[in-house]
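Here's what Swiss-Prot has on this protein:
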type	residues	note
ACT_SITE	Lys175	active site, proton acceptor
ACT_SITE	His294	active site, proton acceptor
BINDING	Asn123, Thr173, Lys177, Arg295, His327, Ser379	substrate binding site
MOD_RES	Lys201	N6-carboxylysine
SITE	Lys334	site 'Transition state stabilizer'
Amino acid sequence: MSPQTETKASVGFKAGVKDYKLTYYTPDYETLDTDILAAFRVTPQPGVPAEEAGAAVAAESSTGTWTTVWTDGLTSLDRYKGRCYHIEPVAGDENQYICYVAYPLDLFEEGSVTNMFTSIVGNVFGFKALRALRLEDLRIPVAYIKTFLGPPHGIQVERDKLNKYGRPLLGCTIKPKLGLSAKNYGRAVYECLRGGLDFTKDDENVNSQPFMRWRDRFLFCAEAINKAQAETGEIKGHYLNATAGTCEEMIKRAVFARELGVPIVMHDYITGGFTANTSLAHYCRDNGLLLHIHRAMHAVIDRQKNHGMHFRVLAKALRLSGGDHIHSGTVVGKLEGERDITLGFVDLLRDDFTEKDRSRGIYFTQSWVSTPGVLPVASGGIHVWHMPALTEIFGDDSVLQFGGGTLGHPWGNAPGAVANRVALEACVQARNEGRDLAREGNTIIREACKWSPELAAACEVWKEIKFEFQAMDTID
């Protein structure tokens, strides 16, 4: 034996497999202000105790592996290991638990959402001892938040750039999302902006396809923006999707957008990846571009109640990585979103400090230490009859985005935009006068129809349209 081997043997190394809970379940641990805290919904395999399951999550997402290894003795596990410090049963489910895990800050690279997720939600989600695993929430410590630059500009700077205050911003996704030529696409952008919208938007899968290459789209949209601004006297924008197959190509598209003088670009941050998103956010900050974020592919990760990752975690990650807008669901439209849970992560996007509130799905108190806020974007299956509810639910600091609810107007795109702008202005005025939007919403819209034939036509088209399905994402 070499002296090194003898030394290891003398301190008690014993080959083999031991229970995770012996090392990683520490119910007496007092969490530190610098720890990253995670709340996991854990469903163990039959026969696996909750303590062992929670400890396995802590181990496999930090320093642990399936067997004892010699090199454990070459570092301080007590300094670097994750710890399952609390377990609580889920009401109504005999074999499901919320397991709380604390991770030392030294486990994570500064300013890297990619590294944070690689550790916390990496291989552990395929662990055989677990039937299902879902990351419900994270507490990001102040010390780690300050290593990120966050959103390129934030809510107040965006309002100052646009010179628009006291109401939600109004947008529209151009439809059909695929198949239009660049010139016809630009025409639709112009008509919507001229009609009164603040923004129009590329859909998430509009990149650079044979029917419309990105450079042509950027040119025609920039022309539409300039023409609409000249006619209305308002600052306008179109979310030019810079998402591409490589980071280099993505930045090239953002550079061209800046050269055209447009105010905002867009990125699909989940499909594009957090490394690409953070790079684009840094470029936008340095070059005066706003950054709109689409969450395409999020439901693959967050739709199932028992497995995956809740969107509130993805929302926090986006605020770290960088984005000025992000899609958040509508509560009232065609896409998933229960009211209290949606408003919970909307507050996490906008507010500087959010208290723990399990009734809204918030597991930890979170401080953002002056990191700029992100505007939530309500988009998907909404129309003029939804305007009072959207104004009441999301408030002024939001973007309300009507795609089919603008372009589906029987008189055309510009009248569709007029209808939405009139409905929004009517709701904001009624709210400012002290009227109850939740109770009087339909009356407010009908009153506005008397002096807006465009709104009256829109109300007639969509008076029967509802999306009444039960949300999957509910409080336990």
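Placed from the backbone N, Cα and C atoms, the Cβ positions cover glycine too.
Sequence features, as recorded in Swiss-Prot, placed on the structure.
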residue: Asn123; record: substrate binding site; contacts (Cβ under 8 Å, 6+ apart): Glu60
residue: Thr173; record: substrate binding site; contacts (Cβ under 8 Å, 6+ apart): Thr200, Lys201, Asp202, Asp203, Ser379, Gln401, Gly403
residue: Lys175; record: active site, proton acceptor; contacts (Cβ under 8 Å, 6+ apart): Asp203, Gly403, Gly404, Leu407
residue: Lys177; record: substrate binding site; contacts (Cβ under 8 Å, 6+ apart): Asp203, Glu204, Asn205, Val206
residue: His294; record: active site, proton acceptor; contacts (Cβ under 8 Å, 6+ apart): Glu204, Asn241, Met266, His267, Asp268, Tyr269, Ile326, His327
residue: Arg295; record: substrate binding site; contacts (Cβ under 8 Å, 6+ apart): Asp268, Tyr269, Ile270, Phe311, Leu314, Ile326, His327
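Neighbour counts of Cβ atoms within 10 Å were compared across the recorded positions Lys201, His327; the minimum falls on His327. Mapped onto three states, the DSSP output places Asn123 (substrate binding site) in helix. Our reading of the substrate binding annotation (Asn123, Thr173, Lys177, Arg295, His327, Ser379) yields a largest Cα to Cα distance of 37 angstrom.
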